[in-house]
Each structure stands twice: as structure tokens, then as C-alpha cells.
Amino acid sequence: MALLTAKTFSLQFNNKRRIKRPYYPRKALLCYQLTPQNGSTPTRGYFKNKKKCHAEIRFINEIKSMGLDETQCYQVTCYLTWSPCPSCVRELVAFIKAHDHLNLRIFASRLYCHWCRRQQEGLRLLCGSQVPVEVMGSREFADCWENFVDHEKPLSFNPSEMLEELDKNSRAIKRRLERIKQSWSVDVLENGLRSLQLGPVSSSLSRSNSR
């Protein structure tokens, strides 16, 4: 399979809040690993966004084209530079619902437009559809580096230091995602209380949802 260059990995999976000059676009990349539960060799690959076709859609089309045995279960792990947009979320949810022999897990280096309500609702939709979404940490960055990057060419940086920095930066992003998930839980509780006609939600509960 084609591998990412070390430079591409270091630039595109960079999870700093702000990047230093020279500025560059942080593009969407999706690395996937499909592992059959019968112990067969995993299948790996990666996709970039193309014009009018996001990496997530290219990934879905690739899995569909494999003609997988629907009597066998598969674990699919995706490492993304950006969390999916709302449109891709809907496609991923529909895909997984139609292929219940696939168990999909998503790990993102960064949260795309996390302050926008539509983006937050997309993340909630994935979690509510039994598609775990988490922020990449030390284990995921190391696995992605090990399995999707070409290590044969000389490096201009220290990989260990890079991975440590990625893990350090990921902590704030993990807290941000956790707040989004918690706000979803509170919204569900509020709706449940209203449907039971138990009156308005207490102000203390509402305050606990402020960010």
C-alpha cells in the first residue's frame, strides 16, 4: 500500500491550536485499518479529500467495493486529521447501519469547527449511532505513525519528540470533545423530563451545561 511521507504526517496531523509561519493548509486525511475477526491480515490504506468528494466518502466507497463477507465481523479503525463534517457524518451513519457486520471506531487529531452547533450535533449523531468518536492520543498517534508512514527516508525531526508533543496537545482537545458529549447528555435528559411533563429543568442543571 502507499504510505504517507513523514513530513505529510507531521504537518497534517499537527494538532496545535495555531500553527506558526510559514502557514500551510491543514487538509483532511483518513487512514483506515480493516481487521477481520478471523485473524486474517489487516487491510490498510488512506484517502485525501478530492474535489467534490471528501476522504470519508472515498473510504466508504472503497469498503463497499471490497465485497466483504457479510457473515464475518470486521473491526474498522479510522484515524482522521479532522473530525467529519455533518454531511459525511450522515453518510457514515447510513453506511454503518446498512453494514452491521462492521464495527467502526473513529479517532480524530482535531475537531472541525467544534464551536458550530451543526458540527457538535454531527459528533453527537455518530456517538448516538454506536460509532465511537474519540480524540487521538499517544497510542493512536504511535499506531498511525508506525503503520501508515514511510520510515525509510531520513527524517528532519525527532519522531519521539513529535509524538510527545501531539499527545500533549491532544489533552485540551479531548476535554473539548468531552464537554460536547456532556452537553448532549444534558440535552437528552432535558428532553426526557419535558416528555414526562415533570416541569422545567432546574437552573442548576442548566448551569452545569454552560461552557
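Numbers here mean position along the shown chain, with the first residue as 1.
Keep in mind that glycine also has a Cβ here, set from the backbone N, Cα and C atoms.
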From His54, His114, the one annotated by Swiss-Prot with Cys85, Cys88 for Zn(2+): His54
Local Cβ density at Cys85 (Zn(2+) binding site) - other Cβ atoms counted within 10 Å: 18
Tally of DSSP helical, extended and coil residues in the domain 'CMP/dCMP-type deaminase' (4-126): 41 helix, 35 strand, 47 coil
Cα-to-Cα gap, Cys88 (Zn(2+) binding site) vs Glu56 (active site, proton donor), nearest whole Å: 6
